């Protein structure tokens with residue numbers, strides 16, 4: 001048992017109707033009562049009712065709720081909550097699904113215009129400190145002379161050919177299907193109005209709009225991120241009966257030579273010498289704030305290649321919550337050149353540094369004594385190519401793989 005049968009009765013189908021039967025019933029009602037075919041108020045009301053009924057009964061989830069709880073149950077389940085008031089918004093969408101694009105009349109009431117989007121480029125320093133830019137915008141505004149009418153007061157008449165819609169519909173029947181095509185009115189050229197040439201506004205020549213150049217101050221706030229939007233509400237092009245869209249500036253962060261950004265944090269790759277890495281010392285870096293940071297490494301703390309450390313509060317500003325992110329330091333170690341010191345000094349290093357790790361080789365294993373040679377990518381690419389192998393892309397790949405010369409013992 002269903003709680004209510006109202007929507008079924010409107011479409012003239014039983015409560016056991018299939019989806020196909022409901023669709024056919026709505027199609028029949030839409031053809032009969034659509035405002036473009038039947039302009040009477042009674043037909044308009046019946047079309048709204050049929051559209052609301054089909055909106056519910058064509059959706060399995062909404063239909064199930066309606067069957068169990070009636071219209072009251074739909075108000076809490078994203079349903080219509082009764083018939084929609086005013087206009088033919090969603091009913092027209094359903095109608096167009098059956099009969100092709102252009103089934104609906106032009107939407108009533110003011111429409112929203114398109115947004116105007118621009119990219120604003122900013123360096124990491126500018127995103128840290130903030131920046132204000134003055135940008136010129138060429139936009140369309142309502143004519144000040146005629147206040148957007150296009151002519152003298154009382155001289156603008158509604159186009160009788162399209163009934164002020166600016167569009168016309170052509171209906172064709174192709175077999176059992178009806179197709180409707182929407183075209184621009186050839187009398188008013190889509191404006192919906194007729195203005196006698198002698199009464200046209202001399203400033204805009206009846207176009208109702210004119211061009212204006214406006215300067216906008218764009219504030220890039222400290223801590224803004226790549227892709228963030230700065231919106232000027234209602235500053236896009238104006239047109240009669242149109243709500244102006246927005247002017248939107250999209251922040252584009254330029255790459256930095258020293259820093260990378262990770263959310264509110266900054267990442268910096270610091271190269272230090274081997275002595276500083278193992279015995280402590282200092283290094284310095286120029287921060288995006290413009291200040292220099294002197295960073296100390298405590299003696300006794302060993303910095304390994306690729307190790308990461310953090311300096312708290314030296315990242316990017318955090319706009320919503322205040323404070324700053326962190327500065328993450330990733331270390332690379334600059335090793336000395338070959339033969340940088342004497343054998344005597346190397347022996348002293350042996351006494352200072354932890355003992356060497358002795359390789360563990362099984363007693364009965366066959367041992368080859370090998371010597372490392374410098375790796376030359378060009379040389380080994382030629383060798384591999386002659387064997388049909390792949391080339392090395394860089395000297396960072398497979399380091400030393402074929403740079404070992406062995407002599408059997």
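Just so it is clear, glycine is given a Cβ too, placed from its N, Cα and C backbone atoms.
Note that the coordinates shown come from a computational prediction; the quantities given were computed from them, not determined experimentally.
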Where Swiss-Prot places ubiquitin cross-link when the choices are 168, 198, 225, 379: 198
Which range of 326-353, 382-409 is region 'Disordered', per Swiss-Prot: 382-409
Surrounding CB atoms that lie within 10 Å of the CB of residue 335 (site 'Involved in dimerization'), all protein chains: 10
Whole-number Å value for how far residue 335 (site 'Involved in dimerization') lies from residue 198 (ubiquitin cross-link) (Cα to Cα): 87
